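Scroll down for the structure; my scribbles are underneath it.
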Amino acid sequence: MSQTNSHAQAGGTAKPIGLLIAAVGVVYGDIGTSPLYTLKEVFQGGYGVEVTHDAILGVLSLIFWSLIWVVSFKYMAFVLRADNQGEGGIMALMALARRASAKHPKLQMMMVVFGLFGAALFYGDSMITPAVSVLSAMEGLELAFDGLDHWIVPMALVVLVGLFLIQRHGTARIGVLFGPVMVVWFLVLGALGVYGIMQSPEVLKAVNPAWGLNFFIIHPGIGVAILGAVVLALTGAEALYADMGHFGRKPISRAWFILVLPALLLNYFGQGALVLGNPETVRNPFYLLAPSWALLPLIGLSTMATIIASQAVISGAFSMTLQAIQLGYIPRMHIQHTSSDAQGQIYIGAVNWALMVGVIMLVIGFESSGALASAYGVAVTGTMLCTTILVSTVMLMLWKWPPLLAVPLLICLLLVDGLFFAANVPKIFQGGAFPVLAGAVLFILMTTWKRGKHLLAERIDEGGLPLPIFIGSIRVQPPHRVQGTAVFLTARSDAVPHALLHNMLHNQVLHEQVVLLTVVYEDTPRVPSAQRFEVESYGEGFYRVILHFGFIDEPDVPAALALCHLAELDFSPMRTTYFLSRETVIPSKMDGMARWREALFAFMLKNANGNLRFFKLPFNRVIELGTQVEM
């Protein structure tokens, strides 16, 4: 997604066809590379499905109607409408659902749990997608050259490591190629599909849902389980919603119905026709669908497509991390902007290296796309289920849809998502434990950070000196005042910041203008400049300033304070000093969190990026004072 924000900013003036091509290059990379492995996994994934006429048509019918129901119906008709001021993605949706359930604290807490768990699974997906996609592309070399089996993993690792190494430099320059390359990819998918269908046109009968129902009848023991492989055709569906803020709902929908959906369906049916005529081709129906002379060019194109798909989820992880930081669920990290033109193009080193290590472990541990497919479905279906639950809350409590209309619809949506998720639960014991464990660890980290910050604020507030009493004492015994403005960052509005008390204690002076600054993040993506600040005067040169930012805004505090000249406050750069407080947590037996979580929070707090960099404060105008807090 880092390559997409330039499109977002130009979205108002970009030609529709250009925006559509750009959307194809970013939004549909993941779901567009699913034909590489989906049908092969159904018949080769150990489900016990025999390659028969009825089984092939049954599986194709399930794939067809899954794409129609989940993507064309659920996402296009409903999920994409649940935008948070134009922004999509599970964190934005969680903020929307949290706002919708504000009057019901228990329900609101449940929305946060589902949102955080869905986000945690997305990080697991961000590791699995590059691994399974690039491996599946490289596996085509086994058909082109004998004896290359042992080189597939090393070559995939070279491509993937190279992809992660270039992240810090940004992808703006090569990003302009993503759209055209993916358009060519989908055209090739469609052409190969038509080529296959022409050999066995009867495969088109699978459009009839009766074939899908018949599959469940003739395979009663594995009917639901096979949905765990069919769902691979839906991987990347969440990207349609996550990237909505970059392109808008209409370009994403048009790209789906005009190009992506027809190309995918043609290719799946073409693969089915190939296997119908020659069951032995089930070992790799995607590549065997191509004429022998086109195999090497197709491998090259597949590799480019999977790199683009991988780039999309990596950039998506960066974007979601930024949102989670702003919403207070992840410690602050160093965020590097990789483009001077597009504000949203970012790189987060800690996330990049963590993803790279995870991807390397997956490739070495699983060694093939087929083995990795079992891990894929759990992350995908878990995130989709969480999204549906959050959208349900928005439909009923924010949009105020009539229950008689909404409830039956939501039951159907949840039933289908629940079936897909249930089909993948057994995979937890067959390699699918990785995304679940990764999701559980990340969920613990996020909830520990959020709870820890809340407890830390409570401990700091205990015994705090009320601001009116402090200002009253200054009136009685005025301290020496020096020229300039002192800005003290604080989370509370009714108590004196510790940094201010320490400064008074050690320096015995006050600035002529003292500003108690609180930064507040809203549940909306952006806050207009006109609503950026609130100012309140307490007298004696004391002011309360509250700055409001959205969860995708860049929190540039000096720039925001410059707007306060409208309230006759002076924030001249060379006359303003920023005072920060740096807390060190000491775990104790006090009530709050388990000791191990307190220790974990203390470690996270110690290694978190400080306010100085995060708020873009000038290095030479900052004084940081430390304090120890028992928890």
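In case you wondered, yes, glycine gets a Cβ from its N, Cα and C as well.
Quick look at what Swiss-Prot lists:
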TRANSMEM  17-37  transmembrane segment
TRANSMEM  56-76  transmembrane segment
TRANSMEM  109-129  transmembrane segment
TRANSMEM  147-167  transmembrane segment
TRANSMEM  174-194  transmembrane segment
TRANSMEM  215-235  transmembrane segment
TRANSMEM  256-276  transmembrane segment
TRANSMEM  288-308  transmembrane segment
TRANSMEM  346-366  transmembrane segment
TRANSMEM  378-398  transmembrane segment
TRANSMEM  403-423  transmembrane segment
TRANSMEM  428-448  transmembrane segment
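Listed by sequence, the residues of this chain that lie at least six past the ends of the transmembrane segment (428-448) yet keep a Cβ under 8 A from its Cβ atoms are 116-117, 119-121, 123-125, 127-128, 324, 329-330, 358, 362, 366, 371-372, 374-379, 382, 593, 597, 600-601, 604.
Contact between the transmembrane segment (215-235) and the transmembrane segment (378-398) is supported by 3 or more Cβ pairs under 8 Å, counting only residues 6 or more apart in sequence. Most Cβ pairs under 8 A with the transmembrane segment (346-366) among the ranges 56-76, 109-129, 403-423 are made by 109-129.
Using the rule of three or more Cβ pairs under 8 Å, pairs at least 6 apart in sequence, the transmembrane segment (109-129) is not in contact with the transmembrane segment (174-194). A Cβ distance under 8 Å defines the sequence-distant neighbours of the transmembrane segment (147-167), meaning residues of its chain 6+ beyond its ends; these are 130-131, 134-135, 138-139, 141, 303, 307, 310-311, 314, 347, 352-353, 355-356, 359-360, 363-364, 367-368. The transmembrane segment (288-308) makes contact with the transmembrane segment (17-37), as judged by at least three Cβ pairs under 8 Å among residues 6 or more apart in sequence. By the Cβ criterion (distance under 8 Å, sequence gap of 6 or more), the transmembrane segment (174-194) is not counted as touching the transmembrane segment (56-76), fewer than 3 such pairs being found. Counted over residue pairs 6 or more apart, the CB atoms of the transmembrane segment (17-37) and the transmembrane segment (256-276) come under 8 Å in at least three pairs, which marks the two as touching.
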